[in-house]
Amino acid sequence: MKTLTWDSEAPRAELARLKRLKPFCYGMTNFVAANLSANVLLAVGAGPAIGAAMDWPQVFARHASAVWINGAALMSAVTPEQLRTAARAAHEAGVPWVLDPVAVGAGAAEYDAVIKSLLEFRPTAIRGNASELVALAGGEGGAQGVDTTLSSDKALAFLQKVAADLGTIAAVSGPVDYITDGREVLAVPGGDARLTQVTGAGCSLGALISGMLAGAENRLSAVAAAHAVYARAAERAAGARGTGSFAIRFLDELSLIDPAE
């Protein structure tokens, strides 16, 4: 297992590439996370579009630089078929796409079935908390709504299984984030506990991962870089007085991170 931080060379190179490319990222997420997700992408130089109006899922997913699909979009009038349309379009067009299986394993069997049906379209990366990733791998996730009851350490074996079985990059968030392609495992420490107190912070990481995957030659490195950038911005925002000012400062720090520093 290799530890990766912002001080490592790879995350800086991946962020510099994103800033040069300025990717167009299409996302499907819920109304709670949409604003922060869009602002996270804008902060690092990407261009977001979020929604499922009319034929957007088909057209935008096919022509985007990258796509992210957050299962909680189903809370915001997005239909299961629209999720599947976007996933199918991205897959068929060879566009990298990220699946965030929010709340899988929390006991909603019909919802779980919809999210698991998206695996047919081979997501480039899957990110979530420990309970979600364990449930996706067929274990007992034990989630409480969208919150995890497991540590990222305990999810590691399931994480590797998901990655190996699906041929994807799997990433789990926690005090230490783990990212794997089923063989190699990268550990990204750091961040700040207040990320768990900002609505949509985890969902927005999925958006950032999509931006990093756009045009990436090494997808494992790209996903890990998103985690490292997120962690460093959170660390730099740690001096904020409360959670509200932390959220604003976190966005500020994301926008100020310089790959050449």
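Cβ from N, Cα, C; glycine included.
Worth saying up front: this structure is predicted, and the values here are computed from it rather than measured.
Taking the Cβ of Ser173 (ATP binding site) as centre and 10 Å as the limit, one finds 28 other Cβ atoms among all the protein chains shown. If you look up TrEMBL, you'll see Arg127, Ser173 marked as ATP binding site.
Gly200 (substrate binding site) falls within neither a helix nor a strand when secondary structure is assigned with DSSP, and so counts as coil. According to TrEMBL, the feature substrate binding site maps to Gly200.
Gly200 (substrate binding site) is surrounded by 22 other CB atoms, counting those within 10 A of its CB over all protein chains shown. A 10 Å cutoff on Cβ-Cβ distances gives Arg127 (ATP binding site) a total of 30 other Cβ atoms nearby, all chains included. The two recorded residues Ser173 (ATP binding site) and Gly200 (substrate binding site) have their Cα atoms spaced 13 Å from each other.
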